[in-house]
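Undergrad: Sharing the feature lines straight out of TrEMBL:
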REPEAT    91-124  repeat 'TPR'
REPEAT    125-158  repeat 'TPR'
REPEAT    193-226  repeat 'TPR'
REPEAT    227-260  repeat 'TPR'
DOMAIN    334-495  domain 'O-GlcNAc transferase C-terminal'
DOMAIN    503-687  domain 'O-GlcNAc transferase C-terminal'
REGION    707-727  region 'Disordered'
Amino acid sequence: MTLAKSLNAAKRLERTDKFDDAAKIYGDILARYPRNVNARKALESLSQRLRQASDPPAVVKARLAKGFAAGQFRVTATSTAELVREYQDSHFLWSLLGRCYLELGALDKSASCLTRACDIDPKSGESRTLLGNALKQQRKFHDAITQYSKVIEAEPDNLAALNNLGNTLATLGRFPEAAQHQATACKLAPQNAQLRYNHAGTLRQLGDLKGAKDLYESAVKISPDFAAAHFNLGQINGLLGNRTEAIRNFDGALEVNADDDRSRVQKLHQMAHISDWRWPEEYQQHRRHLGLRGTACSPFAMLSMEDNPDLLRHRTQAYAEQQFSDVAPPLPARASKRPDRLRVGYFSADFHAHATMHLMGGLFEQHDPDRFEVVAYSYGPNRQDDSRKRLLSHVAQFREMSNVSNTNFVAAVQADKLDIAVDLKGYTGDNRSALFATRLAPVHMSYLGYPGTMGTPAFDYLIGDHTVCPPGSERHYSEHLMRMPHSYQINDDQRQISDRQFTREACGLPKDAFVFCSFNNSYKITPREFDIWMRLLAQVDDSVLWLLRSNEWSQANLQREAEARGIDPSRLIFADRMPQQDHLARQKLADLFLDTFIYNAHTTASDALWAGLPVLTLMGQQFASRVGASLLNAVGLPELITQSEGDYEARALELARSPDDLLGLRNKLATNRNTAPLFQTKAFTRALERGFDMAFDRYLNGLAPDHLNVPERETGQTNLKPETVAA
């Protein structure tokens, strides 16, 4: 049959309502003559007629669409479901019904209806994008990606599909691909603030903070009321060290919503970083509800604002309820004995030259490989420095997970069949602690990185000691406490101190002055300690205060605060950051380290003690304010622990005026450094392993986690009986 005769035959079939036969002939023609315009147009026209014939009247469609637009999803779904029985091939009805179910959260029904809509009209980009959305919400991410990709293949400029594909790829940790699609969407709609916001989030994950900043800035310029964009721009500026800009960004979010507590907390935290001491007054105005209503606030940012462990737990629990939405239940006990080697996984973003590795480097060396198989899961920067190389040589396995999605991360960990999983980040920056909600191992522990409760049942144990977590403090923790026999803090007794010979003159210090020092980060310093420090300078002639140069704004503000208290600002000496070994060496130039109150020096205090510099601390109430006392007890210098601000000031003044007493403390520290528990890495590691055994034995015996006191030496006891603790 000739082409003309075939076309005529198809048209005759159309006129007699034999639509399927006509469509077949048009399809056959296009198979032979793919470029035949007449056949293609005829087939498209026929398809359109079929769709229109399968739809309800236009007035009915308009009524349904109006109901949907008004948010009447349940009523519209009921009406549409009744109509679809009559108009079973209506793409409009199936698509609308799928959209209603999607809005109602009936995801299975939504996906089913939208699949039917796509079968009826495979070219509908809108229906296929909605199907992708339903699949994404079902966490069927790969299926969603397939649907979005089909849309983009047919409609390269489909903004919704490009945006959703990018977001889904980002969810899976496929950030480079995500950024590519999001960038395309931004080019197509340069005035769409939401698209730029999404792209910025992906660039942040890729470490492109400058690119993320530019996109957030454009988002708030396009949409000044975009509070989340203001907030995230503030976060980025904080990470970039642009702290005054960050404060302005958080103020921008608060102008949109004065009750945006998370922005207020971050603003106050940035104010503390620059030593803008207007923050305590603003904090007091809002403290009763900060972190306890609406959007939860970062517990870490609030840690240095008030020494109140009860309030901190309530705030942390509110935060955890949003971060750990679905916590998996504990695993049932295994009907077997302890394996020859417990598989212990450590999770961190800091397996490189970082405070965590300065402390923990020796732990990985000292773990008993005959009894423990150690796996390190790294999701931070891939820095091949000496700390990383040392770690790699002492763990059984090292997993690089920085670009792995949470879903795949969890699957990989569960395949490793860990016995104990230890989170080293808590709520500090760049954490992925939410992974622990999925139950990575029979026993979950929180350790070292974050000095406080995680506020969630996702963690079975918090590793502490009898000083940071004294008897009676159990109510401050959602976890059970695993108390180490001395300090909770591991230290590396192989840490090298530079042999570089520093002089006071080279460091800007007066040759014969008494040098008080505090190398804490600026956000830990509050007017409470600073008032005391300035009174000490006033009473000790020619003394100086040696501080860490945190940022230019903090330096200027601290100098101004000193002058306001009658102290020459030149008596505040600011030290630049330098390599760790050199930093340890220069601390010998100081006479006495003065600790901060609400949030003590932690690694910083251990640095000072390891370098031979006595540390004076005030023991507070919460974990973070008791670490100095824990370290001093473990190094055999309890006489440097004070109980009140008055005692702290008097003791500092006494030591500054009694060089013989101070020399005696330095000599005692020099002796204890080699013998006291604080710097006995092997002994600490054995105690930690005993704690691991005790916790895992409870699991093996079908017992719930309970508070554990780890003995100093092996006793042969399993400690399966619950510990009696104060209420």
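Each Cβ is built from the backbone N, Cα and C atoms, and glycine gets one as well.
Where in this structure would I find these features, and how exposed are they?
TA: Within the chain carrying the repeat 'TPR' (91-124), a Cβ under 8 angstroms from the stretch's Cβ atoms is held by residues 51, 54-56, 61, 64-65, 68, 73-74, 76-77, 80-81, 83-84, 130-131, 133-135, 137-138, 154, all 6 or more beyond its ends.
Tertiary proximity for the repeat 'TPR' (125-158) is limited to same-chain residues at least six positions away from its ends with a CB under 8 Å from its CB atoms, namely 91, 94-95, 98-99, 101-102, 107-108, 110-111, 114-115, 117-118, 164-165, 168-169, 171-172, 181, 188, 407.
With a threshold of 8 Å between CB atoms, the same-chain residues lying at least 6 positions outside the repeat 'TPR' (193-226) that come near it are 159, 163, 166-167, 170, 175-176, 178-179, 182-183, 185-186, 232-233, 236-237, 239-240, 252, 256, 381.
On the 0 to 100 pLDDT scale, the repeat 'TPR' (227-260) averages 98 in this prediction.
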Undergrad: Could you pull out which residues elsewhere in the chain have a CB under 8 Å from any CB of the repeat 'TPR' (227-260), counting only those six or more residues past its ends?
TA: 193, 197, 200-201, 204, 209-210, 212-213, 216-217, 219-220, 266-267, 269-271, 273-274, 276, 293-295, 429, 551, 553
Undergrad: If you run through the repeat 'TPR' (227-260) with DSSP, how many residues end up as helix, strand and coil?
TA: 27 helix, 0 strand, 7 coil
